[in-house]
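Feature annotations, courtesy of TrEMBL:
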type: DOMAIN; residues: 266-544; note: domain 'Amino acid permease/ SLC12A'
type: DOMAIN; residues: 558-676; note: domain 'SLC12A transporter C-terminal'
type: DOMAIN; residues: 689-796; note: domain 'SLC12A transporter C-terminal'
type: DOMAIN; residues: 823-935; note: domain 'SLC12A transporter C-terminal'
type: TRANSMEM; residues: 46-67; note: transmembrane segment
type: TRANSMEM; residues: 102-121; note: transmembrane segment
type: TRANSMEM; residues: 128-149; note: transmembrane segment
type: TRANSMEM; residues: 257-284; note: transmembrane segment
type: TRANSMEM; residues: 305-331; note: transmembrane segment
type: TRANSMEM; residues: 351-369; note: transmembrane segment
type: TRANSMEM; residues: 405-423; note: transmembrane segment
type: TRANSMEM; residues: 429-450; note: transmembrane segment
type: TRANSMEM; residues: 462-479; note: transmembrane segment
């Protein structure tokens, strides 16, 4: 069986430095070259593991060629050399495989020794191997033409329509004439238990059908191509039958099964594609000779296209000639059992069958030698490029550069293919690696063209990305067509190699195409995000974490990053920012060092995000820059996280807490949410686990739902997962506390949040400072709770009016020096569930504000400070009493005063409000709903 047809055309060498061109056909293998195919792949930004796929494919190709040579040797050249012999006619396959393992190992060892001694000896035989291939191909065409006039005499024996094994009898007949007597033939003895002519002990099928003899090669003019035109795939053990012969269909004895020619494996189109494909694995092998070419960019495309054209013509014409000259049962007879183990192609050829036998043997031996020559050099090139760390040892070799260690590894891998022994099983493995190689080469070419990468400048003009995409699709389809389970395993191996290179591989100057594809995808996604603001259903905190660095440029409070990682759990956007005070021209080095320190800490705390450090003359200006400019397009932060200015009371320099209040004002002006973790050093690390405890939410004013959403997000992390959620809301003495608790529980049920609800009653004088915003903020909360008592039909009507928009009522400060006189309506930024009727009612409520609210406006500053401090003390007493054992307390953060003169009192207010609590998270909403019952 001819497993490989190799045609290599080289220009004659008149001078040593004369220009060369290499035309490769479908099974040409790699030759020695420093500037080999792997370098071309890598320097053109193709995925880095293509070289390994090509190496593994070439290595298994060596095993396949060696097995092909051994099969020809044992079946057609010297069958007597077999070491293992079958015990019976049913055990022939196992013995043959063992023989191929032994002789294959010996042949591989000898070839490896030849390659180790020197590649020059391999190159000397290249012309001989080439001549054998050309002569073999020419002899087949000559034999096909000769069969038109004089077909070869090459009969096969048929019983009914079944094909018989020719080696098991001498005469194709049931009886023979010896002298004047008719006696049973050897065939009769095989099917009958007695040598007499009695039919009582013979196989039923043998008795009912006649024995005939037909020509196995009827010739080109016989018209046999009509019968061979369509496929006839067989199951394992199925007997080869000729459909055009008449036969009596009776069940024969199983004892006579071994006398028929049968299929050794189940065949199908997918299987045959996988077996045949290795004959087309040398198309790119000429690229490995690029070091020997004067103008590789010109010669390789021309040589490869000519190789494809030549190979395609040879293969297609050979298939047509075989189908037009040879009987179908003989074409499907894998081992030539019907023709006494003779090589059918050899019988067809002219002038002698030995031309094909010897040519095929030398062709496969030469292909194996050249595979063992090229594969170690591919591996050595990969190792020297330092792409894959564990392969570095294989970059070393002899003093003259011969890849000794790479040859050893190649031999071991090839030995695995030899031990498989079956060509039908090795061929699909080989096909997978080459198909993956071609697939990713096509993918890389298509991606580079579509991305218009500046360094992608192919000289070959007759190219379009759709052609590469079509080739990629065909390669992927062929992988699963030939063997879907091999395809899955091969792709899994390739994926692991790629991920290993990505995480452990060295950085090279040529990069890869995936980065360009990622940039293009990121640009497309960012443009899509610009289409409009995010819906409430999709809202999640996109964090800007403001860090403070110490004098050594180290992160002062790493737990800020820990809290961010627990809150985000790797989802959404996280930007970590910091400010260095000074001049950018003088502080550039410090900026780089700071960014690296922050990135290292982010990696330790498992924060997935970005880092940005700015240099400004004042810290507050730098923070304002970060708040304004961080992010890109739709990927911008909506929440700022900053630390509490510890020790502000004892500090003589007020800039620290002044910067804190200025940041609060900036976030309010930018309509961003704000989170201030107080006592952040006591926050749990990522390695701690809370087995119980509560996360307490003190819902004093409605802030868009931030206080409700944050505990839910924290509980997604393993640190807070077992904590329970409690919600406390403050009511005045004249409020219906029972109804408020019931409404809030219904509201949480609609939000699908599990939490305990408790209503805390306080005197109006105790929360007077908060009543600045109660007219608006408390009414907003009450309005949402009232909606829970609507009927189902009314709720459906209300749902129609729900729009994602910024608050119709501007969320003013919870701690302010003056009352707003007007309601600012922002229809283009709406999101609260408000109707026109509710807006009118809200305006009436504002005009009919309680007298004590108006009295509060006229309070003198000192009196106001006293009232505010009274509020902070009273609220703190209640919070500490209820939440002293809580793992985390979330509080509404009042807004800063409009008059900067009250900044210090504001800080004192917050300090007193949170005194005695271990972990506090002050939260201020950004002026939009972040969670609704409809999301």
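Glycine residues also receive a Cβ, built from the backbone N, Cα and C atoms like all the rest.
Sequence-distant contacts of the transmembrane segment (405-423) (same chain, six or more residues past either end, CB-CB distance under 8 Å): 3, 56, 59-60, 62-64, 66-68, 71, 97-98, 100-101, 104-105, 108-109, 112, 115-116, 275, 372, 375-377, 379-380, 383, 393-397, 429.
If you look at the transmembrane segment (351-369), the same-chain residues 6 or more away from its ends with a CB under 8 A from one of its CBs are 2-6, 27, 29, 61-62, 65-66, 68-69, 72-73, 76-77, 107-108, 111, 114-115, 122, 125-126, 128-129, 132-133, 135-136, 139-140, 142, 342-343, 345. Highest Cβ pair count under 8 Å relative to the transmembrane segment (257-284), across stretches 46-67, 102-121, 429-450: 429-450.
Secondary structure counts, DSSP: the domain 'SLC12A transporter C-terminal' (558-676) has 57 helix, 25 strand, 37 coil.
In this chain, the transmembrane segment (46-67) lies apart from the transmembrane segment (128-149): fewer than three C-beta pairs between them fall below 8 angstroms, excluding pairs fewer than 6 positions apart. Same-chain neighbours of the transmembrane segment (462-479): 273, 277, 431-432, 435-436, 438-439, 442-443, 445-446, 449-450, 486-487, 490-491, counting only residues six or more beyond its ends whose CB sits under 8 Å from a CB of the stretch. Most Cβ pairs under 8 A with the transmembrane segment (305-331) among the ranges 102-121, 128-149, 429-450 are made by 128-149. Per-residue pLDDT, averaged over the domain 'SLC12A transporter C-terminal' (689-796), rounds to 72.
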